[in-house]
Amino acid sequence: MADVFSVIPASVLRNLSDKLYEKRKNAALEVEGIVKQLAAAGDHDKISAVINLLASEFTYSPQANHRKGGLIGLAAATVGLTSEAAQHLEQIVPPVLASFSDQDSRVRYYACEALYNIAKVVRGDFIIFFNKIFDALCKLSADSDANVQSAAHLLDRLVKDIVTESDQFSIEEFIPLLRERMNVLNPYVRQFLVGWITVLDSVPDIDMLGFLPDFLDGLFNMLSDSSHEIRQQADSALSEFLQEIKNSPSVDYGRMAEILVQRAASQDEFTRLTAITWINEFVKLGGDQLIPYYADILGAILPCISDKEEKIRVVARETNEELRSIKADPAEGFDVGAILTIARRQLSGEWEATRIEALHWISTLLKRHRMEVLSSLDDIFDTLLKVLSDPSDEVVLLVLEVHACIAEDPPHFRQLVIFLVHNFRVDNSLLEKRGALIIRRLCVLLDAERVYRELSTILEGESDLDFASIMVQALNLILLTSSELSELRNLLKDSLVNPAGKNLFVSLYASWCHSPMAIISLCLLAQTYQHASAVIHSLVEEDINVKFLVQLDKLIRLLETPIFAYLRLQVKVKLD
């Protein structure tokens, strides 16, 4: 240390710690001259001793003015070294970086100034300290002192210039630090980070797109920032990356798809729209890479189909159609069971449009991958049955189509009909409001005779006689009045001459007996008039109550409808 004091006069050291900036500055200029002479003489040991003195006795001093002098002195020493400064950076830079967290704002300011001057001299040689410098700048960008912030911004611009022209910058070493900082909430830090991402992405030799999954979530997080400027900067960066993705032959869609799925459920409208727009592009571009993520993507799309914002609904619908048009194979990793799970979950949701699209997906999967769907049927069948009680007619009609497709297998058909009868039993309003719609549609989809035979078999053994009577009356009214059942009526009309008609009549007869008026109308339809007469005569033994009279009135009204025109003609001929 004695050698150092012989190199630097005591007056210079004294002025270096003076409270007046001008004295410190003049002392630093003298230090610069001394180091320049030592460098010219090649005496690097003394140079190291000078730098060590400036660090230990000044920048790490408990006295603020000493610390300020030490910083300006280190910058001056670097200027004196010029092209030879690189070999002393390990001594020079760490004390300056430590000063960035000094409690005194003026010390932090001078630290920014010192590193700025050091960076101007050494340029790319200080890249080895980049992560530490970046970390310090990140914190200083949100400094409580406006002057420190301003100085940090100047330093930041210089560092960006140096990095963009350097071939020593390591993006691989930098990304973990960037990822760690991306979820901060401070608006100044957010602007700082987006600025760096944009600058680095503009450098042709730096592959920021390859590391996009590491900071994509952070960028999306900024889309909901309270600052319009930050939202705009994040959106601009994301738009640029999306364009690069479209033009790139190699993109890691999978990792990013996971992030987008999460962001598509954001409470922020702009974030949802951006995420669903990205997903739309990914579905078009991703190909086989996205197959393992189809279920997650669908889980993000379906709720957005019912979004309150029209733009989101439009993009979600387009994406949904695009995804459904892709004919992926289970052998390639396409998980039919996972898609079904997503669809089932959405069937219990509150939005009609989403429930409708979920049913379209189940229907599509049944057509393309029937065996895989049936193997997972236990997981979704109960939910499909419950949807028959959905408040939307369109949903009910769609789920009936799904059930009809499943019911091509006899066990599933019987399970469906048993459940229907059970639901009608426990919910009379369902039978009253939806019974005709459900039965008529099933008759179209599954063959009317098959449906009526199965219903009759189940109702024949029904223990709740009141329900059985109501159910048979409903089925009878549908049979007599619905256009969808005209062939069934014609078959019954020929029951006296056609064995198939006779067989059907017998099949329905036992359950139709639960309702006197239903059995009478069935006999009249089948033209078994003698038996109809016998049933009518037996009714004199029945208790004539209001319910009976109401049913009798309905029968009389039915006899006046076009369905029984042939009966009225036959009676007229007989009378004539």
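Using the three backbone atoms N, Cα and C, a Cβ is placed for every residue, glycine included.
Automatic prediction, not curation, is the source of TrEMBL annotations.
As recorded in TrEMBL:
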type: REPEAT; residues: 92-127; note: repeat 'HEAT'
type: DOMAIN; residues: 429-571; note: domain 'Vacuolar protein 14 C-terminal Fig4-binding'
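Using a Cβ-Cβ cut-off under 8 Å and counting only residues 6 or more beyond its ends in the same chain, the repeat 'HEAT' (92-127) has close neighbours at 51, 54-55, 59-60, 64, 67-68, 70-72, 74-75, 77-79, 81-82, 85-86, 133, 136, 139-140, 143-145, 147-148, 151-152, 154-155, 158-159, 162-163, 165-169. Secondary structure of the domain 'Vacuolar protein 14 C-terminal Fig4-binding' (429-571) per DSSP, as helix, strand and coil residue counts: 120 helix, 0 strand, 23 coil. Computed over the repeat 'HEAT' (92-127), the whole-number mean pLDDT of the model equals 95.
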